[in-house]
Amino acid sequence: MKKNDNPTELSGEINAEDSSNGLSRRGFLGAGAVAAAGAVPMTAAMFAASAKTQAAEIRNDTSVHPGELDEYYGFWSGGHSGEIRILGIPSMRELMRIPVFNTDSATGWGLTNESKRVKGDSAHIHAGDCHHPHMSMTDGHYNGKYVFINDKANSRVARVRCDVMKTDKMITIPNVQAIHGLRVQKVPYTKYVICNAEFEIPMNNDGKSSMEDVSTYRSLFNVIDAEAMEVAFQVMVDGNLDNTDADYDGRFFASTCYNSEMGMTLGEMVVAERDHVVIFDLHACEKALKAGKFKTYNDNKVPVLDGTKGSNLTRYIPVPKSPHGLNTSSDGKYFVANGKLSPTVSVISIKKLADLFDDKIKPRDAIVAEPELGLGPLHTAFDNRGNAYTTLFLDSQIAKWNVEEAIEAYQGKKVNYIRQKLDVHYQPGHNHTSQGETRDADGKWLISLCKFSKDRFLPVGPLHPENDQLIDISGDEMKLVHDGPTYAEPHDCMIVHRSKVKPKKVWTRDDPIFAETVAMAKRDGVNVESDNKIIRDGNKVRVYMTSVAPAFGMNDFKVKLGNEVTVVVTNLDKIEDVTHGFCLTNHGVQMEVAPQATASITFIADKPGVQWYYCNWFCHALHMEMRGRMFVSAE
Ligand code: RUQ
Ligand code: CUA
């Protein structure tokens, strides 16, 4: 199928067919064509049968020809590389990298003053371990505004603005260690980002506690105001937390807990027979917050609510030992907790949770199915036809199963809820279906994020790439269609239809990301859009220059040895894709300046003599000539 004949036309045609319920427009057209050729009017049954054959035969098309655009954006966690990557699906081409917790010399992320401002209190940390990228939603649909992601290594959460695909906020979460599972509130809109702190620590962690007495050790559930990017409140729980997700009603969040024993060693963590899923009642939490029923810890003001066992803010549902992934079904009916050590997943009916909070039923009564799927179930994804897809880490398989039939089996009926098991290569962790964490699950694609690639690619040394496999789930059978090597363990990804995301092509001059730099210029009496000026302020020197391909507005400037120099570059080019850079040789100074952006970087002029600077983003036939000298005088 031609995905898109006119690559600049992003919406329209493709949108119309995307949220269709399983039957693509191509299927309809194909069925219609068959009817016309045979000149026999189709009955509804014939139509359905024919459409089914068509769907089975034609399946999704993975080819995206040169010049054509992908149908979906894939947002990939970059794992312990600390970045986010954008892939096109179904081509699996890497389109962009968004540096987040890492440092990136191409864009100057972590080096420029603008990025250091975003990183705030953790600007000195150059590493990260991101797991779960998730997009903000309105009424259970992706809204294209933000992508949020966690940093397990440094207990941070960051936000990426999807209009420019840059990180614009980052916070370190207090009172906790290791932010792991992260999701967004789906309904009515993403007011809150929710995330789990995995490692339990003493409350307070001020060095006055001990290694022996662990009675004050706790793990907290974290609720972040998505717009302000501040912690709204935290909820103290029993046991440590792993993964989380939200319902489609705006009331409940659920988190898996392993180590309900609060053990400090592996042996101590696997004593109990069961762990649990914690259900959080957002309405009750907000009420408690309003009523001032909270404590604070570690000399900060973040309110911590008590959600330990017996509290009215939470309920604890026992499930088999060490559950891992927690996924809400796209029809909004179930939370699915993935067994990991148990070959089962536990299906929790969200409809029953109100009764659970009213103490009308017992915690285990909220479980409506516990299908046995295979060894090592970690995460589950959903299509729009009532099927679930669960990764089996130990079996290296995806198990496709039918949710309603698993529920019937739990009630004692003899049904085989397993639809298919597909080998993947190898040891899958997360998986994700196209739009499957929203109401718009479309049942077209599934990604299996395999932790091991072993023999699937040319050998590249002892460190192997991961293998992110694309699977066509549009027909009755899952079909593996692509192997994608990726770097440094993407834990999770999400697949967003391209109609949901509308990035800018050039910066707007009043963008908040560089507003502070422009304000500094104004205080210096400099108009960054026209002036090329040096401001000397004691030991500090601020150099303002413009750039228009193929020249900087300033051919040279002079400073003194030991000066703290800030170079501010404003790219006056308005043409899409004419990005300049500023790179100062031998100083570790480099950054990107995209069209209409202002960017700045600060360094110490600690080398005397001539120091060349140059444009490091190829912008023009005379790009090599786009350079100038900084002279550092020794006196
Ligand atoms: S969690 S698979 Cu963050 Cu599963 Cu990695
Ligand atoms: Cu400007 Cu290269």
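Positions of Cβ are set from backbone N, Cα and C atoms, glycine also.
Not measured: the values here are computed from a predicted model.
According to DSSP, His180 (Cu cation Z2 binding site) sits within a strand segment. Residues annotated as Cu cation Z2 binding site in TrEMBL: His131, His180.
According to DSSP, His430 (Cu cation Z3 binding site) is assigned to a strand segment. Neighbours of His430 (Cu cation Z3 binding site), defined as other CB atoms within 10 A of its CB across all chains, total 27. Per TrEMBL, Cu cation Z3 binding site is recorded for His132, His430.
Taken from TrEMBL, the feature Ca(2+) 2 binding site applies to Tyr258, Glu261, Met269, Asp275, Ser322. Ser322 (Ca(2+) 2 binding site) has a Cβ environment of 20 other Cβ atoms inside 10 Å. In the three-state DSSP scheme, Ser322 (Ca(2+) 2 binding site) falls into the coil class.
Residues or ranges marked as Cu cation Z1 binding site by TrEMBL: His324, His379. Sequence-distant neighbours of His324 (Cu cation Z1 binding site) (same chain, 6+ apart, CB under 8 A from its CB) are Asp242, Asn243, Thr256, Tyr258, Asn338, Gly339, Lys340, Pro377, Leu378, His379.
Listed in sequence order, the residues of the same chain lying 6 or more apart from Lys451 (Ca(2+) 1 binding site) and placing their CB within less than 8 Å of its CB are Phe393, Tyr426, Gln427, Pro428, Gly429, Glu466, Glu489. In the three-state DSSP reading, Lys451 (Ca(2+) 1 binding site) counts as coil. Look at TrEMBL and you will find Lys451, Glu466 tagged as Ca(2+) 1 binding site.
Here TrEMBL flags His491 as Cu cation Z4 binding site. Of all Cβ atoms in the shown protein chains, 23 besides its own fall within 10 Å of the Cβ of His491 (Cu cation Z4 binding site). His491 (Cu cation Z4 binding site) falls outside any helix or strand according to DSSP and counts as coil.
Confidence across the domain 'Cytochrome oxidase subunit II copper A binding' (536-635), taken as the mean pLDDT and rounded to a whole number, stands at 97. As annotated by TrEMBL, domain 'Cytochrome oxidase subunit II copper A binding' applies to 536-635.
As annotated by TrEMBL, region 'COX2-like' applies to 539-635.
Feature annotation from TrEMBL assigns Cu cation A1 binding site to His580, Cys615, Cys619, Met626. Using a 10 Å Cβ-Cβ cutoff, Met626 (Cu cation A1 binding site) registers 22 neighbours.
There are 21 other CB atoms within 10 A of the CB of Trp617 (Cu cation A2 binding site), with all protein chains counted. Among the features that TrEMBL reports, Cu cation A2 binding site is placed at Cys615, Trp617, Cys619, His623.
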Sequence-ordered binding-site residues from Tyr258, Glu261, Met269, Asp275, Trp617, His623 with Cβ under 6 Å of an atom of ligand 1: none
Those binding-site residues in His180, Tyr258, His491, His623 whose CB falls under 6 A of ligand 2, listed in sequence order: His623
Neighbourhood of His131 (Cu cation Z2 binding site), C-beta criterion under 8 angstroms, separation at least six: Ser77, Gly79, Ile149, Asn150, Lys152, His180, Gly181, Leu182, His491, Asp492
Lowest local Cβ density among His132, His180, His379, His580, His623, which the record lists as binding-site residues, within 10 Å: His623
Helix, strand and coil totals (DSSP H, G, I; E, B; other) for the region 'COX2-like' (539-635): 3 helix, 54 strand, 40 coil
Those binding-site residues, out of Glu261, Met269, Ser322, that come within 10 angstroms of Cys615 (Cu cation A1 binding site) at the Cα: none
Sparsest Cβ surroundings (other CB atoms within 10 Å) among the binding-site residues Glu261, Asp275, Glu466: Glu261
